[in-house]
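**Student:** Pulled the feature table from TrEMBL, pasting it below:
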{"type": "DOMAIN", "residues": "29-363", "note": "domain 'Acyltransferase 3'"}
{"type": "TRANSMEM", "residues": "28-52", "note": "transmembrane segment"}
{"type": "TRANSMEM", "residues": "64-87", "note": "transmembrane segment"}
{"type": "TRANSMEM", "residues": "108-128", "note": "transmembrane segment"}
{"type": "TRANSMEM", "residues": "154-172", "note": "transmembrane segment"}
{"type": "TRANSMEM", "residues": "179-198", "note": "transmembrane segment"}
{"type": "TRANSMEM", "residues": "210-230", "note": "transmembrane segment"}
{"type": "TRANSMEM", "residues": "242-262", "note": "transmembrane segment"}
{"type": "TRANSMEM", "residues": "282-302", "note": "transmembrane segment"}
{"type": "TRANSMEM", "residues": "323-341", "note": "transmembrane segment"}
{"type": "TRANSMEM", "residues": "353-373", "note": "transmembrane segment"}
Amino acid sequence: MTAETTDTATVHPVLAEQQATTQVKRHWLFVDVLNVIACIAVVCLHTSLGAFHPEQTMLWKRQVVMQSLFIFATPIFFMISGMNLLGYRKKYDTVTFFKKRAWRTGRALIVGSVVCYLVFGLFPSSFYGTDAISADFGIIGFAKHFLTNSINDIYWFFYSILYLYMLTPLLSKCTERKTMRYLIAVTGFVAVILPLFTHLGVPSKYFGQLFGWPLFASVSLLYFALGYYLNNYVIPVVKPHPWMASIAFLLSSTAMFFATLLNNGWRSAAGLSSEYINYWSGTTSPLAVIQAISLFLLFAWLEPRLRHTPASFSKVIRILSSASLGVYLFHILFVNQLIIVPVLPQLPLLRGVIYYSLTVFFLLAAKKLISLFRQIYNSKNAR
């Protein structure tokens, strides 16, 4: 979830004149901005989980709005990763790739899981949904919950991205335009179009056997490939249309909201469904794919304007972007806490922003303290 540099071969035309040679590398500010926005979106998705319990209230509708508006969060993370990593062979070898990426992500998953397991297990009455952890708290219990992603189920993202990292050395050999189009087309069909048919009532038995292709059934792979394809084969050659991207984002988000309401029985004679149906506002929805693509293109096309913002803005954005991994790992400790009365229960959006801000604050404070302790330790050893 970090913004990396890329070679000038994939630079937007409007920025090409700012590069002295093809060997110059730059840090994309739009990636930092997307990281921050997607990270806030993740927190807001988790403060609006009341949407999964349909009821005829304005609060429920506001939560459905948030689920529709912010579902781009993890797709954007996957797209940024694909953009940065599928061309890794231009920068370093495969061993270095695994050291820089797989190890970093795996370490974060382990650290986050250990911290959450200890907190949930030692203070079960202070957090929502921790009964299963406290019931078999211990080393064996940790192993069971870690292997089944039941310590903190939002960590599914890390399990998915590690899978993509395992595929990256193979995919990096197939990054030509036509090959990428083929990968996106097949993955889009299996991971997005077929689920659409199923949702519309076509029994999956009619295509489950013929198209039961596990590799292409991963919508995460679709977003991963889209990030690289858009950055290398669309943005460099297509004239920027930020307004069109903005309209596409708003229309797809609005369509997701109303489709989800209707799908759950809003304004139907039978009333709301007893169980929430989140297909249209889920990551496999065609509308979600359009939403993620339009948001990615919007900020990529705004890169020249972002570079003309004050240096203080760039500095703050980069600091917040660097905290994205930590926020994803630990924000749930605020979302699921029962220590105090839930903050602003009728305002899930504001609650999401508050929890995001608190998580960033504690992460930066912890980072500062660790740095201070290291300085003290090093100064003592230097004597």
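Just so you know, glycine gets a Cβ as well, placed from its N, Cα and C.
So where do these features actually land, and what's packed around them?
**Tutor:** Outside the transmembrane segment (154-172), and at least 6 residues removed from its termini, the chain residues within Cβ reach (under 8 Å) are 42, 46, 74, 77-78, 81-82, 85-89, 94, 97-98, 101-102, 105-106, 108-109, 112-113, 183, 215, 218, 220-221, 224-225, 328, 332.
Counting residues 6+ beyond its ends, the transmembrane segment (179-198) has Cβ neighbours under 8 Å at 171, 204, 207, 211, 213, 216-219, 221-222, 225-226, 228-229, 233, 279, 284-286, 289 in the same chain.
Residues 74-76, 78-87, 160-161, 163-164, 167, 171, 175, 177, 180-181, 183-184, 186-192, 194, 283-284, 289, 292-293, 296-297, 300 of the same chain sit 6 or more residues outside the transmembrane segment (210-230) yet have a Cβ under 8 Å from a Cβ within it.
Note on the transmembrane segment (242-262): residues 61, 64-65, 67-69, 71, 268, 277-281, 285, 287-288, 290-291, 293-295, 297-298, 301-302 of its chain, located 6 or more positions outside it, place their CB under 8 angstroms from a CB of the stretch.
Long-range neighbours of the transmembrane segment (282-302) within the same chain, counting only residues 6 or more positions beyond its ends whose Cβ lies under 8 Å from a Cβ of the stretch, are 12, 30, 33-34, 37, 71-72, 74-76, 79, 188, 191-193, 195-196, 219, 222-223, 226-227, 230-231, 234-235, 240-242, 245-246, 248-249, 252-253, 255-256, 259.
Within its own chain, the transmembrane segment (323-341) has Cβ neighbours under 8 Å at 1-2, 35-36, 38-39, 42-43, 46-47, 108, 111-112, 115-116, 119, 125-130, 152, 154, 157, 355-356, 358-360, 362-364, counting only residues six or more beyond its boundaries.
Distant neighbours of the transmembrane segment (353-373): 39-40, 43-44, 47, 319-320, 323, 326-327, 330-331, 333-335, 343-344; these residues of the same chain sit at least 6 beyond its ends, with a Cβ under 8 Å from one of its Cβ atoms.
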**Student:** Given a Cβ distance threshold of under 8 angstroms, which distant residues of the chain, six or more beyond its ends, lie next to the transmembrane segment (64-87)?
**Tutor:** 1, 3-4, 6-7, 10, 31, 34-35, 37-39, 41-42, 44-45, 47-48, 51, 97, 101, 157, 160-161, 164-165, 168, 171-172, 175, 220, 223-228, 230-232, 253-254, 256-257, 260-261, 278, 280-283, 285, 288-289, 291-292, 295-296, 348-349, 352
